[in-house]
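Copied over from TrEMBL, here are the features:
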{"type": "BINDING", "residues": "H355, H409, H481, H671", "note": "Fe cation binding site"}
{"type": "TRANSMEM", "residues": "12-35", "note": "transmembrane segment"}
{"type": "TRANSMEM", "residues": "104-123", "note": "transmembrane segment"}
Amino acid sequence: MYDCRDVSSSKGSIPMMLVAVTCGVAAFVASSLWLSGTNDTKSSFLVATTTTSTGVQTRSLVHRHARQTVLGSHVEARAEQVESPASTHAPRSSLRLTQIEKGIPSFVAGIYAVAIGTLAYALTSVFRNKASTGAETAQMLHAINVHDQWPMATVAAKSEVEGAAKSEAADAEAFLKMFSTYRSGYDSVNSDVQTEGWLEVTQGQIPKELTGTLLRNGPALYERQGKRREYLDGDGMISQMAMKDGKIFFRSKFVGTDSFKREEEAGKFVDLSIFTAEDPRPELYGGPVWLYRLRDDIFNGPPSPKSNGAYNALHWAGKTVAIDWGRPWALKSDTLEVDGSGSVDAISNTKFTAHFRIMEEPNGNKTIVFFNPHTDWAEYKSTISFYEFDSKGVQLSSKQVEFEATYFHDLIVTENYYVLFDCPVKMDMKKTFLGYPMGQVSLSDTISEDPAKLPLFRLYPRRGDGEPILINSPDFCYAFHHINGFDDGKRLVFDTCTWDRFELYFTDIVKPDGKVYYPKTKQSRFIIDLEKKTCERKIIHETPCEYPTVGPKSTGKFYKYSYMCTSAHKRGEVNGPLQNLTKVSFDDASVDCGSCTMESWYPGDNKFAQEPIFHPRPGATAEDDGWVLALVHDGTPGNKGTELVILDGQKISEGPIATVRLPHYVPIGVHGSFTDEFLGPATA
């Protein structure tokens, strides 16, 4: 039980300065004992030494604070990747404890520790927007505690059924059981769960006109030696489903990143990660966690987290790549083995996020649009790069813009504009300089929403050097995944799934107490008047939704149909997890769009649909004439697994026209794409 008092006030409580000094003294004693040990390495003064690829050692000096970088593909901590020839298990910036020959008395380290405690107090005093009350502290501790129990049932969920009839209790039990089966979709798998081969169709028939390959990617391995990383820190595993003549070939393989190879060889986690608070460095190299996080990540930063190749997969211009926050990992299309990160071709050598837009031009050619948001929080500056490539991989254009620091995850592309939805975020100074150094929070936790500001639409001309158009949203909200957008020269439409607040952990949806931890999503349409410089927001529907998609022929154009995952159940104010595949149809493909209708396919009580992808039927003229492809997690106890479903885009509520059970369970993924190319073997 925590006794949470108001430590921001000296009245009736312990002053914050005293806490800081006390912590510093404790750190002094601990560091004195540690430094006075008999081990040669521990008795030396600690200096960060980096070994370059040429074998030259350079010492890093404390020079600036908090160089954390956030990228659109979730969160990036930017760093130059330096491989150390001395050890295959060391992180990319190889850290060693070296000895200064003359030595430095251990009390200096103690003084440094006291100084750090005092500095922490000063920083939190300067940057604190308001005093941290005892209630807020209790709420923070509770949030950390509940997150560690992810995703347990909560008192809030249980309280809804207290005093209710037995039928009500049974209903509540069924609701919680559903969350349990959904949670099983985030179970880690072993690294040897990789396979390939022709599969039997479980139900129905795969249309013979459907030719191409569905690529899916997502974290799959996040447990080693009994330790668990957060879902988004897991190693990526590609699932490749190639279809032709009504047959399907399946191939799955872990993305062989440098980090994956290091941790496979070591048999444990060795690299710093983005979303997990636990730091492997103290166990690997000795010393307290604050040493590495203060000295190396904050003062000598930026930190260098693992590249897991887990956020999307793409096949374009004959190249297959796995995407995370860094440069994409080039893969051999016929084996999925890594062919290098940043090879000679333009696609795999261009850094971009998991979100890109494929547009069909009037002449029938296809163009892919990438963007790379890079934010330097030390300089408080964001640099956004836009790239366009044709179907042969030739770069058609590039544009770069700069403005004050922010975070982007996705973009919209219309005929005339690149559109960014700038939802305000900021560095959480308390977490950055107190929580992070003590190992209590992760890199991603140091970024928080900034509700004092309104979101801002940034419109950049695709062609020419015209000035950007900046227009505020009428109210605060957040959005990760956008649906589509278009403009008619006078007005621009921006459709997206909006969250009421900023939250990085998508997997928080598995908590039954979604009322507290899962921001409610809804489909929103923003109508931007390009002449009057005004913005109007319309709520299309309030059914919790995410992972939207439209057909490639509709991208950047007037459209009527979109597909997405939606919640199927609701109990009180608590929404069930994403489960349905839903089609949203507008009355017309205009700016005002009229009303909308929604039709859904419900996969079953223990089944949960993932991100859909729409692929048009060859020669189709109707916008929705094609197929919707998606993976479905089957959490049925004793029968856990993964299915591929194919639905008619015009009759989605009728359910799959074909279902294929995959040969092994694949954890719930993040994103994917479809290519017209058949990437399987020539013959069955």
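Placed from the backbone N, Cα and C atoms, the Cβ positions cover glycine too.
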### Query
What is the number of other Cβ atoms found within 10 Å of the Cβ of H409 (Fe cation binding site)?
22
### Task
Please state whether DSSP places H355 (Fe cation binding site) in a helix, a strand or coil.
coil
### Query
Using DSSP, would you call H481 (Fe cation binding site) helix, strand or coil?
strand
### Task
Name the secondary structure element type, per DSSP in three states, that contains H409 (Fe cation binding site).
coil
